[in-house]
Structures are given as structure tokens and as C-alpha cells.
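Q: If you scroll down you'll find the structure; I have some questions about it.
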Amino acid sequence: MERGAAGPLPLSRLAGPLLRRLSELLDRAAPGKGWRELAQRAGSRGTVRLSPLDLEQCSLQVLEPEGSPSWSLLKLLGDRGCTVMELAESLQALEHTEALQCLSHSDIKIVVQPDSQAVLSGQVVKLCCWATGHPFVHYQWFKQEKEVPHGNSPELVLSPVSVKDSGFYICRVNSESSFMFSHWARLEVCDLQNMPHGHLMGLPENKLCICNQPQPQNLTVGDALVLECGAVGNPIPNYQWFRNGFPLANGSKNVYTVTYVDVGHQGTYWCHVFNDREKEDSKKVEVIIDPQEEPSHRPVATDKVALLIGNMSYWNHPQLKAPMVDVYELTSLLRQLDFKVVSLLDLTESEMRKAVDEFLLLLDKGVYGLLYYAGHGYENYGNSFMVPIDAPNPYHSANCLCVQNILRLMQEKQTGLNVFLLDMCRKRNEYDDTILILDALKVTANIVFGYATCQGAEAFEIQQLGLANGIFMKFLKDRLLEDKKVTVLLDEVAEDMGKCPLTKGKQALEIRSSLSEKRALTDPVQQSTSSAESLARNLQWVKAHELPESMSLEFQCGVQIQLGFAAEFSNVMIIYTRIVKKPPEITACRAHITDFPLDLDVDPKETNKGTPEETGSYLVSKDLPKHCLYTRLSALQKLREHLIFTVCLNYEYSGIEDTMDERKEINVGKPLIAKLGLHHGFKTRNH
């Protein structure tokens, strides 16, 4: 259900003795290397928020008989999603060598790693992890992020195994004060209802066996080709598809797909299945393609509109990093393709529903509509749900937005193309057994779903140079500007992901499509300038992207200040101030802005910074003027009235000790998305 990280180990997973040892080292650390400095360092990374009240609660632990401020801090960091890697980086910045050594695992050696395997439901599965260490070692198995009940021995036995046991397994080995993790082991469990029980009982243990053969196909040009071959065995089977005796370049998975076939795809197909011990070929099947003339004209859009939502700062769930970068980069690329883009960060449930309503107002007959979401999510009974930042823990479908409902509303607009790019987990929500009764979707040949991961799986983030990308976006951004049918483009993204060691065995793009025409995101826009619908769309979009005009402020003392504005997202704005004129009799002066509306919940300590990066704005810094003071205002959708703030000028005259000050109140109206009033409640729950 949660969108997690592919590599980093959560701090909350560390064994208790190791956390206690770290706490002792931090409690008695030298000045500059203790728990307070660690808290400051961790908070400055921007991934974990620590309030003064949090630090006060930690410091009060010294009053308890066995209390430890460092223990309290480490538990707090773990609960808020901090990883062991992030902790190690903070300790390294503090040059706390002893604590870093405590995190190492040099005294443990795993001598037997668990094997990935594919099995049939009902068989007995054994995953093994054997290790040596001093003085002795403990074991704990995990399935994805959750501990396996009673999984505290070197061998994890699943008897009988069922489809719900499919997934990725890992074993943590820890000694008295250190830990180590095994390799990930993938378990695939096939449930073949048509296989006789006697066949299952007679299958030798670990033997390679093809149990799902490909089927012949009769297609026409433009159809999708899907060939599937399923096998069981240990080690886990590998696949290679062939056509007419030649291996297919992208045929290394158990399912071979071609989104858009032509006569060149006709031929005899089969799959070669193999592992380190055995090999076997599937039966050969014929794929026949009925030729037909492709349309000579290129499809066009009456307009192109995109809504991008990235949720990071969850109130009751782990924080995420990648959505900010992902939404920013996708916004830039889509604008190059002439999309009208609304990009929003950190929306509550009511704000997400209102944003979708505004998005729907931008759609009309023939318009290309694209919805991108990055954040926590889940999938139940074939429906995908996007999780707002204020969702309770646990959340249910009533607290989230159903993607299929949004698609139904988009279809009512008679759009030319509906594209959904969902960069979220698709694991089942075990707390939500609600089966939504949805209105039937129309049968239209213009729908494309690009899921960042497969059903029942997680979507991951990777971090490079302090900024995080979702794995899906890392590969999508390299191909998005290519002039290709949407499904072909996503197929190539899927192939790129499949070749990457970071994603292999962890995350695979899944594409669902009913697209019949060769529509691409690069298709031109042809619209009538006199169209009332077009004018309304343009007005609505412009309203959501109007920035205040730059202004020059003259103070009575003769100082002149430039006030400028830049948009990072549709609901995030940067204000920058610069002193451009100072009379010679004034020896020193400084300007800052303050008194922001309470709706925006602006922390004064985070305003008027010397660089954009210090405000948390890493993405637009290269486009901003230098030598200014910068303030980042986020969540502009919460602004109920005009944005009014105060510009304060402090200055000194030569020979006068007293500091003088002047103030000017500035009203810039409702900037960017604030004009649309997303803070208003919603009347109905149509999505």
C-alpha cells in the first residue's frame, strides 16, 4: 500500500540492542557530536520534520530513571521514515566514527543465501539463510516490509504455499550489536485451477516444468499481441521468446507483448524456459496478422491538458521524497509538448477532489487529458486509489480518490485520449474490504493506464545527489518527448526498467490500454480560436498560473527594494527580495518579509534565506536572480483571502547607534492556484 524505497533500510527495522548501543554512544558523545546535533542534522535534510516540542520531549528523558534522549530521538526518527542510510550520512557529517562502526556488520557472514523460486500452489517451499557471527546470531524473516510471524529460524518453511505467499522475502541476521541482511528472494506462486491434482502431486520437487503454454493468435494490424508462458522450478525460471527461430530482443519475460502489431509480427512463436539446471521449450504457436490499411492522417488534439499531483508530507503515514522532483520534471516535459499543466504538491482529500473537478472543467470533446499521481496508493478489486496527505491510519476507500471514477467522468467529456500515469504502490489494502459498485465505464478506444508497478507490488524511490526520483519517472523522462504512440513509448520505458539492476526483480511497469488509433503525446493541437469551450479552458488555466507582477518599493529613507515572484508548482511560489538602491548616508540596511496569512502556516525561521536551497526549493534555483533573500510559500490552495504580507526594512545611519525601521504592507491578490478556491468543501463524492 505504501510507496517505499528500493534499497534503504528503515531505521525502525534495526534490532533493539543495536539501537540501545547507538543511544549510549550519542548520550555520552563529545560536544558537537551528540543527539541534539544529530537532530539538527536530520531535520536539515528535509526528509524528517522535528519540532521544538519533539526535541523538548527527547530532552526530558534525562529525568526518567532509565531515560535516554538519544533513544527517544532514534525511535522518533524511525517512526517518521528515516532510513539507516540517512542516519549513517548524518553521523558521518558529525564525524561520529564510533557510532558509524556500530552500524557496520563486519562480524556477521551469511554463508547460505535464499534462492528465488517459482512453485505451484499447494507445494512445500523452503527458504534458507545460514550465517555465522559472534557470539551467536538471531534470524528474522520479512515479506516485503512486514515481519513473517514465527519466521525466526534459518529456514522459512511455507507448507502448503498459496498464491498470497507470492512476493519478495529477505532475512535479517543480527548478533549482539550488529546486523546484516540476506539477498532478496522472489517467490512466485502459480494457482492453476485446470491442473489435475495428481499432476501436482507427481511433480518432482524443484523440477523445471512449463505449466502454462502460449496460445495461437489471429490479429489485425493495430491490435495488441500478448503471449504468455508460465513455469515453476528452483532456481527460478528464465524466459526467452523466439519468432521463426530467432530470439526476440525484448522477449526475456514470461509474458511477451507487442502493443501495436503489423504484418511484420506474423510468424511462429515459442518460449525457451531455462535455469541453471534444466531447460525446456514451450509448444510452438502461430500468430497470424490480417493486413489492413493504416489511416493516412495523423490524429490531432483539440487541446492537451494535464493534472499532476505529488503527495509527500503525509500526516499519518511515511513521508516521501520523490514526488516533488517527479512532478517538477514531468511538468517541464509536458509543457514542451504543448500541454496545459496544473502541478500540485501535498493535497488533502477535499483539495484533491476539488483539483480533479477543476481538471475536468479543462476537458472537452477531442481534448487529450493526462493525470499523473505520485504518492501512497493501493489497489482493491481492480480499482486504484490515490491517498491524500490527511488520510487516517488505517485508511479506507472513503478517504481516498478512486481512479476509475475519475476515468468515468473524463469519458463524459468525450476526450480524444485519456492517459493515467500512476506512480504508486498497488498492494492490497488489508484494512479496506469495501467493494465499490461503480457505474459502468464506456467502451472507448482511447484509454491508456501506465502503472509504475505490477498489481500487488510496491513502487520505489531512488536518491541521487540529495534529490529523489521515483524509479518510474527516472526512465519515463528519458522517453517522454519521443514521437511515438503512447503505448509504444511506455513499452520501451518498461524495457528500460527491465534492464536496470535497481529494478530487476523489484518493480516492473504495467500497461493497460484500449487505444486503437496511433495517438501520441506529441500529436499537434488544432482548435478554433473562436470556440467558446477553448476560450473557457484557456481562461481557467491562466487563472491558475497568474503570478503577481514584480514590483519596486520606495521607502522614505530613500532605500529601494525589488520584490519578485516565481512559480515552482501551481501551488508553490518563491518570493525574492533585493535592495537595489541605498543612499550613501545609510551604512547598513536589511529587508525581510513577514506577517503571512495564517492559512499558509509559514514558519518564520524558514523565510528570508540566502539561497533558494535553504528554503527547500532545489528545482528553480538556477532560474532565480542571485544575491537575494528567498521565501518559499507552499500550499497556496489553502489561501482563503488575498495574500497580504509585510516588507520590513531595518537600516542604520553613520554615527547613530539606533537601528531605524520602516514597514510596508503588500497585497498581491490570490496568486496561482489560490484563485480556484480548492479549499472550499466538495458537495458530492463522485471520485
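Any Cβ shown, glycine's included, is placed from N, Cα and C.
Annotations per TrEMBL:
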DOMAIN    108-182  domain 'Ig-like'
DOMAIN    204-286  domain 'Ig-like'
DOMAIN    302-380  domain 'Caspase family p20'
Q: Taking only the residues in the domain 'Caspase family p20' (302-380), give me the average pLDDT of this model.
A: 91
Q: Provide the three-state DSSP residue tally for the domain 'Ig-like' (108-182): helix first, then strand, then coil.
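A: Across the domain 'Ig-like' (108-182), the residues distribute as 3 helix, 38 strand, 34 coil.
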Q: What is the number of residues in the domain 'Ig-like' (204-286) that are helix, strand and coil, as DSSP sees it?
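A: The breakdown for the domain 'Ig-like' (204-286) reads 3 helix, 41 strand, 39 coil.
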